[in-house]
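Enquirer: The structure that follows is given in the form of C-alpha cells.
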There are 2 protein chains.
Amino acid sequence: MPRPSVSDARLYLCTDGRRDRGDLADFLDAALAGGVDIVQLREKGLEAREELALLEVFRDACDRHGRLLAVNDRADIAYAARPDVLHLGQDDLPVRVARDLLGDDILIGRSTHSPAEASAAAAEPGVDYFCCGPVWPTPTKPGRHAPGPGLLEHAAALETDRPWFGIGGIDLANLDEVISYGVRRVVVVRAITEADDPKAAAAEFRRRLTEAARAD
Amino acid sequence: MPRPSVSDARLYLCTDGRRDRGDLADFLDAALAGGVDIVQLREKGLEAREELALLEVFRDACDRHGRLLAVNDRADIAYAARPDVLHLGQDDLPVRVARDLLGDDILIGRSTHSPAEASAAAAEPGVDYFCCGPVWPTPTKPGRHAPGPGLLEHAAALETDRPWFGIGGIDLANLDEVISYGVRRVVVVRAITEADDPKAAAAEFRRRLTEAARAD
C-alpha cells in the first residue's frame, strides 16, 4: 500500500469502540461515507487485546472507504495493528522513539496546546501533522485549559507546509467561527459520535471546510 | 550488558511509583538490599512520559544492586526504556509481537490464571518465565477469580525448565503454605510495599524461599 497523504484530509474523527451501542461498523460506515478522512480509536483503559480487536473493525471500515486509520498513544499497538497514523500527545512517547520503532511508513501526528507547542510541532523532525486545541473546553479532556482562538490564529500564521487541525469542542454551530480563525481542518468527537445522522453531520463538516479551503 | 538470567530469581516485587510517599529511590534501595531480584513498575493510568521518568529511578536502583528491571504491559515503553524484562498479561500484546518488536535481548514473562494458561506459557515460544495466580483474592486485581492452590500444584508438576512464580495475596504469614504447594519463587506487592521495614521483609522472603529450594 502506498504511503497515504494527510494533506488532503479535512475531517478527523475520534471515537471510542461504541461497545455500549454495539453499532461500531455501521457508525464508521456512515461517518466515512459522509466524508471523514481519518478515524482514530480513542478509548482510555482498553487492554491491548481489546484495542487490537476493535482496530480490526476500524481497519475494515477504513479499507472499504479508502480512508486513514489512526492509533492513539501506543506505538506498540501501532506496531501490531499497522495503522496509517500514530497520534501522540505531549505526554506520550517522544516522536523520535515512535519513529525509530515504526519506521517511515506511518504518519505521526502531535497534539499541541499552546503557541510554543504548535511552533515546535511545525518544526519537529518526524511529525506529519499536528492538532491545536482544545479551542473550547470539552468533556473529552476534563480539566484541560482551553487555549482558545489565539492558538488557532497562531497556527494559521505559521510558515509551515504541515497540515494542522483545530480540535476541542468544535461542532456545526461554531464551525464557521472556527474557520474564521484560519482553521481548514478539524478533529471532532461528539459532533459526529452523538449526531442523530453521523453521515449527514460528516458531510456538512466536509462541505464547509472544503469550501473555505477553496476560497483561500 | 550480558543478558540477565531469571533462573536465579526468587523474589519479584511489583510497586507503583510511590508518588504519594515521595520515597521511591529509598524504598527501592531497601527492597533490593533485602533481596528482591526483580522489580516491576506497575501503576495503571500513567502517561508514557511519567512512566519513563519513573523507570529512570527504577533503572538506577536496579543498576546499583545488580538486579533486574521489569516493565509491565507496554512494549513501546520497553523499547524506549530498555529494561531487562517485559511482563505481559493474558490481555496484553501477543508474546510474538513483543518479541518481534524488542528482539532477543530482553526477558519476556507471562501472567497465567488457570492450569491451561500455565501449561501454555510453559510451552509458548519466546516466554522466559511465567506467573501463576492469584493464589488468594487480592485488592490489586479486584474482581479476578482466585484459582487457588490447585494452580500452584499444577505448575509445580509441569515438566518445564522455565522459572515460574506464585502471585496474589502472598505474605510472610502464608508463605510457608505457599511453599508447601511447590512454589519456590513469588511475586509480592503489599507484603513489601506496605511493610514497616521493606528490607527486613524482603530478606525474610528470600531466606525462606532459598531454603526451600535448597531442600528440594
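Think of each number as a place in line: the chain as shown, counted from 1.
Yeah, the Cβs are placed from backbone N, Cα and C, and that goes for glycine too.
The feature domain 'Thiamine phosphate synthase/TenI' is assigned by TrEMBL to A:11-192. Taken from TrEMBL, the feature 4-amino-2-methyl-5-(diphosphooxymethyl)pyrimidine binding site applies to A:Gln40, A:Leu41, A:Arg42, A:Glu43, A:Lys44, A:Asn72, A:Ser111, A:Lys141. Marked as Mg(2+) binding site by TrEMBL: A:Asp73, A:Asp92.
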Enquirer: What's the CA to CA span in angstrom from A:Glu43 (4-amino-2-methyl-5-(diphosphooxymethyl)pyrimidine binding site) over to A:Asp73 (Mg(2+) binding site)?
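Expert: Cα to Cα, A:Glu43 (4-amino-2-methyl-5-(diphosphooxymethyl)pyrimidine binding site) and A:Asp73 (Mg(2+) binding site) are separated by 10 Å.
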Enquirer: Under 8 Å between C-beta atoms and at least six apart in sequence, can you list the same-chain neighbours of A:Ser111 (4-amino-2-methyl-5-(diphosphooxymethyl)pyrimidine binding site), or say none if there are none?
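Expert: Spatial neighbours, sequence-distant, of A:Ser111 (4-amino-2-methyl-5-(diphosphooxymethyl)pyrimidine binding site): A:His87, A:Leu88, A:Gly89, A:Gln90, A:Phe130, A:Cys131, A:Gly133, A:Ile167.
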Enquirer: Please work out the number of neighbouring Cβ atoms within 10 Å of the Cβ of A:Leu41 (4-amino-2-methyl-5-(diphosphooxymethyl)pyrimidine binding site), leaving out its own Cβ.
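Expert: Result for A:Leu41 (4-amino-2-methyl-5-(diphosphooxymethyl)pyrimidine binding site): 24 other Cβ atoms within 10 Å.
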Enquirer: Drop a 10 Å sphere on every Cβ of the binding-site residues A:Glu43, A:Asp73, A:Asp92 and tell me which sphere holds the fewest other Cβ atoms.
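Expert: Each of the binding-site residues A:Glu43, A:Asp73, A:Asp92 was scored; lowest Cβ tally within 10 Å is A:Glu43.
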Enquirer: Given binding-site residues A:Gln40, A:Asn72, A:Asp92, which are under 8 Å from chain B when comparing Cβ atoms?
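Expert: It is A:Asp92, listed by sequence.
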Enquirer: Only counting partners 6 or more residues apart, tell me which same-chain residues put their Cβ under 8 Å from the Cβ of A:Asn72 (4-amino-2-methyl-5-(diphosphooxymethyl)pyrimidine binding site).
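Expert: Within the chain, A:Asn72 (4-amino-2-methyl-5-(diphosphooxymethyl)pyrimidine binding site) has Cβ neighbours under 8 Å at A:Cys14, A:Gln40, A:Leu41, A:Arg42, A:His87.
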Enquirer: Pop the mean pLDDT for the domain 'Thiamine phosphate synthase/TenI' (A:11-192) in here, whole number is fine.
Expert: 95
Enquirer: Can you give me the Cα-Cα distance between A:Lys44 (4-amino-2-methyl-5-(diphosphooxymethyl)pyrimidine binding site) and A:Asp73 (Mg(2+) binding site) in Å, rounded to a whole number?
Expert: 10
Enquirer: Suppose we draw a 10 Å sphere around the Cβ of A:Gln40 (4-amino-2-methyl-5-(diphosphooxymethyl)pyrimidine binding site). How many other Cβ atoms does it contain, all chains included?
Expert: 21
Enquirer: Fewest other C-beta atoms within 10 angstroms of its own C-beta: which of the binding-site residues A:Arg42, A:Lys44 fits that?
Expert: A:Lys44
